[in-house]
Each structure stands twice: as C-alpha cells, then as structure tokens.
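K.L.:
Dropping a structure here in structure tokens format, bear with me for questions.
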C-alpha cells in the first residue's frame, strides 16, 4: 500500500544557499511524523514546497502514490493537503468565522448568510473543544488565539495530509492539550501528519516516527522513538554534544538599576513592584494572559502607564514613548518578532544597525556605510547568523537567525542599561537557544539589567538569577534561584484553588 505522503529526493536551491538536498521519507496514513532540526535546516522550506509556495528544483512529492505538482497553495489544498506555517496567515479585520470560511462562505443569490456561517463555525469549534468567539475580529485576539484559528482552518478543510510547523509556540498549557487531543483524533481518523517542533516533550508525546534535518540534508530517520535517547536527537540536530544548554554562571551583581513601584496600565490593575540589579537576569513566568507582556510594554513606553513609578539608577524615569525608553538605554525584544522586531523588507545589516545609526553619523549628515558594514559583519560572525551575506533581506532568514539579528542590534548599542526580552527563544531550535543564552549572559556581564519573559519553565529556571511569577495581571510571588523549582513556580502561577499536581 502506497504511503499517504512521500518526498522523493527533494532538492531546492536559493541564491547562494542549498536549502534542501536529497530529502526522502514517507508519512503513512494514521501516523504523526516529526521533523526536527536547527533553524535554517530546511524544515519550513520543505513545508512550503508541500504547500505550493515553492517549487522543488529536483525530486517529487507523491500523495497516495501519485506524483503531484503544486503550482499554488490552491492546488495543494485541492489535493487534500493543509499546511499551517509558523507565520500566521489571517485577515485581521475579519471575524473568526469569516477567516475560517474565507473563500467558502455560505451564500444565497450572492449574499453571504452570516448567521449560518457563524452557527456552523460555533458548532465545529465546540466539536473540536476550542473556546473561541466566532464573531470576534482576529486583531482583537491574542497570538495564541490566532494560532488556534489557523489550526482550526486546516481541520475544517478535512485534509488527508496535515503539516504543522511549530503549532504550540504561542499556545497556553490548556490550548496545547486541546491541540494534542486534536492530533490524536486525526491520527485515529487515518490522517497523515507532519509535526515540526523544537520541543522534545512534544515530539516524544505525539510522534510515531521522526526525521532529522541539518544544513538542508536529512541526517537521520527513526521509524520509532521508543528507544532513541533525547541526547541522540540533539546530537543529530546540531552535530555536536550540548552538555549544558543554559551554561549558567553566577555573577557579581551591581546596585538596583531598574525599579518599578505600584506600576499600573490598562491591563495591569493591581500595581506591579519589582527591582532588577545591574548584571542580574530576572525571569518572569506566568500562564497566557497573566499580564507579563503588558507589564513589559508599559515599562518600554509601548503601552500607557496609568499609575505607579519607575526609577533608573535611582533617578525618576518618565517614559512616554518607546523613543524615550531607547534614549534612556531601555530596549525591548518583542514577543512577535515578525510584526514588531524586524523590518522585513530591509537587509540583515540594516536591521542590525537601526538602533545605533545615531552613533554612525559622519559630520552630522551622512551615514557611515563602511562602519555599518563592519558592524554587521562582526555580529554576523560573532552570533553565527546564518545568511549568505549582510545584504540578504532579513525576512528570508529563519526565526532563530532573525532573533540573533535583533539581539545584535542591541549589542551594538553602547549605552545599553536595561534589556527586556519577551519570549526570546520562541520557535527556536536547541542549538540557537544555546547561542542566544550566551548573548544574554554577555549582556549581563556588561552590567545590563535583564528582564526575560518566557513561557518555557525549564528556560526560566535554567537562565534566571531570580524568578517573578505573575497571575491574572498581578505579581503573585518571587523566588530566588536556589528555592525555585517547577512545582513552586506553578503553584504561584496557577489560579487560586488549583495546584501544580492538579495541572
């Protein structure tokens, strides 16, 4: 019996880069096949070929034994294939129902029957166990909720082959469990699934088989993961042993650099108070909706502050805009790097030099292009940013390499005092995480106060000197590194009445 999906010797070349070279593996009906590899290894490129966005330069894609050519996304969908990419694809000013049924809204005599559409979507969402308002506009939803809409859109197409690229990167624990149930149901229903994730727990929980990519090549395939240690997968992905991914080392801390007292904003009603010392890394943990990102955006001047006070090195701090924050040496690496972190149409060099261009002026009039080129080349080499050259458009880089470029932007800033990192390793592979943690520690050694928001509890525990836990828009507690463990943190993060054991 033919495999539901087969990749046969797939190759793809971009200018200066061989993105895929000889990729061959099968996905059976009723199987979840994991794909793992560092950012830039070629996983997402393969899915774009499957989804009709790219055409392979060699090899073929077979669906149910038939060689297929997908000149467009519509052709892929018509063949029973659904691909959910990391970069969410939605219309922000349309409702959940309209996004889910885009192109197939029920109509009568040319008029859309919105009531029928909303009822249909509500019924299907309820059947999937997904709690979303069918009438809510996408722009008003959180990133996690938008991700669920994308997943539901693929499921509504009743596709036989479904590919998921980092589907849980923005989901809460509850939403992740809903997704896992959906994947299990689809497997039992005989669908063939490809599942890309950097999270080992998810690969071992969901996947029947797994293929490892490195530098565009297929370096290993496992028909079963039952007897494959995690260390083996990591070594195959990165080509080396990583004994301590966090490489934490105690540091001498300075005086209090950033202090917040009874800080309030539109989504922060209780008043948040905390300190961060020079050279200290303070991790902020909480469930989705706890208010962590909102607090950081208030500090950075991206959201309105309605109460409380901030001080920087003991001096009152009045930040009314992000420009004020940057001028005072406070920067933010945002959660949504695609929308807020990078300038997608600009080059890698331009993205690295954006913040420090005021230091690169010559005679007050002209940009020092030579100095900018040298700065970009230095950080591309230092942070191992995978790019053909500094002139490459940053949108063509993997998520991990985009994040490195954002961090390089602030490493190049000479007057940096406070660095706020909101989900700095979301959707990034284990090798790139290791390198980014090194950058974070380098910033701390320079005396920067580091505030790191993360939904990955092992990351918070592994990197932070101190952990602040938020719950329902307020600070629920604080733990020193020596007293912090998963149970203690979760007991502070969970709603009152729940416990870590119950979770």
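Including glycine, each Cβ sits where the backbone N, Cα and C put it.
I grabbed these lines from Swiss-Prot:
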| type | residues | note |
| --- | --- | --- |
| DOMAIN | 5-240 | domain 'ABC transporter 1' |
| BINDING | 37, 38, 39, 40, 41, 42, 43, 44 | ATP binding site |
| DOMAIN | 253-497 | domain 'ABC transporter 2' |
K.L.:
What other residues of the same chain, not counting 37, 38, 39, 40, 41, 42, 43, 44, have a CB atom within 8 A of the CB centroid of the ATP site?
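P.N.:
Near the ATP site, beyond 37, 38, 39, 40, 41, 42, 43, 44, sit 45, 213, 398, 429.
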K.L.:
Take the domain 'ABC transporter 1' (5-240) and average the pLDDT across it for me.
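P.N.:
A mean pLDDT of 86 is what the model gives the domain 'ABC transporter 1' (5-240).
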K.L.:
Taking the Cβ of residue 39 (ATP binding site) as the reference point, list residues of the same chain whose Cβ is under 8 angstroms away and which are at least six residues distant in sequence.
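P.N.:
Long-range Cβ contacts: 386, 398, 399, 400, 401, 428, 429, 432.
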K.L.:
Long-range neighbours only, meaning 6 or more apart in sequence with Cβ under 8 Å: which ones does residue 41 (ATP binding site) have?
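P.N.:
Counting only residues 6 or more apart in sequence, the Cβ neighbours of residue 41 (ATP binding site) under 8 Å are 213, 214, 215, 216, 237, 429.
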K.L.:
Specify the count of other C-beta atoms within 10 Å of the C-beta of residue 37 (ATP binding site).
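P.N.:
Total other Cβ atoms inside 10 Å, all chains included: 27.
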K.L.:
As a test of the contact definition, list every same-chain residue at least 6 positions from residue 42 (ATP binding site) whose Cβ is closer than 8 Å to its Cβ.
P.N.:
12, 19, 20, 23, 213, 215, 216, 217
K.L.:
Does residue 40 (ATP binding site) have same-chain partners at least 6 apart in sequence with Cβ under 8 Å from its own Cβ, and which are they?
P.N.:
215, 386, 397, 398, 400, 401
